[in-house]
Amino acid sequence: MLVLRKEEEEEVMKEVEDRVPTLYTVQVRQTPRDPLTSPSGDSSAPLDQEDPNRFKASKDTDGCFDEALRLAGNWGFWQKKVFVIAHMSQVFCAIHAVSAAFLSFTPEHWCRVPGLNVGGEDERGDQAKEDDEWRNYSIPWDDTDGFARCHYYDVNYTSLLGGGVEEPASMWLPPPANTTTAACDSWVFDQSVFQSTLVSEFSLVCDRRWMMATVQASYMSGLLVGSLVMGQLSDRFGRRTMCVVCAAAVAVVGISAAFVETYVQFLALRFIIALLCAGLMVISFVLVMEVVKPEARTMTGMAYAGFFGMGITLLPGLAYLIRSWRKLEFTIGILSTLLISYYWLLPESPRWLASQRRHQEALKILKEIARTNGRTLPPDAEVLKLISRVHDTKAEEANAGSSGQEGSRLSRVLRVITSTVNDQVTLVRTPVMRRRCLISFFLWFVAASVYYGLIFSGANIKADPFLMIFSSGVVELPSAILFVFPLDKNEMRGRRGGKDEEGCIKGGEGLGGGEAAEKPTTTHTPRQAARRDP
């Protein structure tokens with residue numbers, strides 16, 4: 001919900017009427033009386049605390065879902081329970097997002113020299129000292145970088161050992177500085193921190209080092225695509241349905257990623273995991289926003305980051321106990337199966353049900369909300385009058401267009417794609433929305449670059465990877481609480497500025513969709529209304 005200055009509101013409304021037929025608006029309030037107060041106008045006696053039978057939907061006040069939700073209780077135990085259940089997905093998605101810091105950890109490494117059986121992936125045991133002595137002789141040394149990682153002295157060590165050398169390698173002098181070197185084609189990896197990582201198993205070092213960056217790049221690409229697609233799918237199939245599908249799929253794909261045979265296979269599965277996690281994060285966020293009162297949305301939105309930080313805090317403990325990347329990935333996938341409990345625990349958004357004209361199902365959930373919150377709803381007929389005014393006009397138009405027999409399957413697919421693109425373009429169509437969205441995009445880009453840059457640069461700054469990730473997660477928990485108050489204060493200031501007139505603009509719920517949030521009370525688009533009232 002955006003509270004705009006009067007001139008900004010007029011500018012946006014003009015753009016809406018001229019160019020965006022499916023952009024939603026909410027009526028300008030004509031009377032200062034709260035529709036949820038008693039018929040006498042006494043604001044100190046809210047209707048839901050009086051006799052429910054006294055509630056009547058007056059002709060001069062449009063009913064809306066927020067009124068019905070308020071009668072059932074819009075910030076009670078039911079909302080708090082759903083808030084915790086829905087945001088638990090952030091814990092597991094955070095673990096998946098940051099796990100690359102451990103999965104692709106780069107251990108110390110040096111060339112596997114032909115003719116020398118030095119080190120290896122197996123335990124080195126009593127041979128460690130002798131192996132290090134051979135490394136001192138065969139690997140170039142630099143005072144700044146230490147042992148070379150990509151070159152070794154090009155000496156015929158097979159012939160040298162065949163000559164019957166008996167002195168320990170420490171007695172030998174290293175080859176002259178001008179001795180030619182050769183590039184490595186295999187490496188020895190130190191196992192003091194991790195037994196195996198993606199880097200050590202697939203040799204992502206030296207001329208293949210660039211491939212290591214694709215681990216997180218594939219994940220971020222999946223987040224981008226998932227943010228664009230999953231919100232639209234949740235608008236079509238429902239919040240709960242898509243959350244359950246994403247939760248089950250992310251567990252299956254996470255477990256499968258532990259058994260890949262090639263690096264490309266891992267990248268593909270990593271992309272899918274991110275796409276599914278984007279769905280979980282976006283849809284669960286929208287679901288919570290749709291069932292809580294407006295005053296609680298700032299707090300619940302900030303707590304979203306707190307759950308994410310909780311997942312980051314837990315990840316170093318798992319990685320510390322499990323030092324093999326395959327076992328770590330498998331464990332994360334197994335833990336993610338807990339999200340399948342969404343099938344039994346997570347309810348559908350009643351606001352979305354109302355927007356789809358599934359009023360009886362929405363009423364059933366509202367009754368459950370009222371029962372859990374200790375409230376008493378008015379008669380069913382009165383509640384249905386409220387929620388029946390809330391529906392998705394754009395969805396109806398799409399369904400009407402797709403119901404025609406003349407349309408081919410290809411044309412219906414093109415209509416869906418066009419609708420999706422239009423939803424995203426809406427964010428930058430008007431000057432006011434364009435300015436605010438572009439500023440938000442820039443701030444998010446800078447914050448994410450610094451955030452993930454610090455998390456994944458632990459090796460560059462010689463920091464302990466476990467402590468680095470743990471600290472990153474811990475600082476998120478107080479910050480999520482610290483900024484709730486100033487954000488709430490600014491929000492209340494905006495509400496006071498728009499007390500008599502409310503202009504609410506609905507242009508798609510960000511990159512994630514979310515069509516049912518802040519649904520209009522009118523059932524007509526601006527152009528339809530113009531045709532009805534010239």
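Even glycines carry a Cβ here, placed using N, Cα and C.
Per TrEMBL, region 'Disordered' is recorded for 27-58 (among others).
Per TrEMBL, transmembrane segment is recorded for 210-230 (among others).
If you look up TrEMBL, you'll see 242-260 (among others) marked as transmembrane segment.
With a cut-off of 8 Å between Cβ atoms, the residues of this chain six or more beyond the transmembrane segment (266-289) that come close are 82-83, 86-87, 89-90, 92-93, 96-97, 100, 198, 214-215, 218-227, 229-231, 233-234, 239-240, 242-243, 246-247, 249-250, 253-254, 256-257, 260, 297, 300-301, 304, 339, 346, 349, 509-514, 516-517. Sequence annotations record features per position, and here TrEMBL assigns transmembrane segment to 266-289 (among others).
According to TrEMBL, the feature transmembrane segment maps to 301-322 (among others).
Taken from TrEMBL, the feature transmembrane segment covers 328-346 (among others). Residues 82, 85-86, 88-89, 92, 95-96, 99, 102-103, 240, 243-244, 247-248, 250-258, 280, 287, 318-319, 322 of the same chain, all 6+ positions outside the transmembrane segment (328-346), place their C-beta atoms under 8 angstroms from a C-beta of that stretch.
The transmembrane segment annotation in TrEMBL covers 437-454 (among others). Within the same chain, residues 216, 427-428, 468, 472 sit at least 6 positions outside the transmembrane segment (437-454) and bring their C-beta atoms closer than 8 Å to a C-beta of that stretch.
Counting only same-chain residues 6+ beyond the ends of the transmembrane segment (466-487), those with a CB under 8 A from a CB of the stretch are 94, 98, 101-102, 298-299, 302-306, 308-317, 319-320, 451, 454-455, 458. Positions annotated as transmembrane segment by TrEMBL: 466-487 (among others).
Annotation source TrEMBL lists region 'Disordered' at 493-534 (among others).
Among the features that TrEMBL reports, compositional bias 'Basic and acidic residues' is placed at 493-504.
The compositional bias 'Gly residues' feature in TrEMBL is assigned to 505-515.
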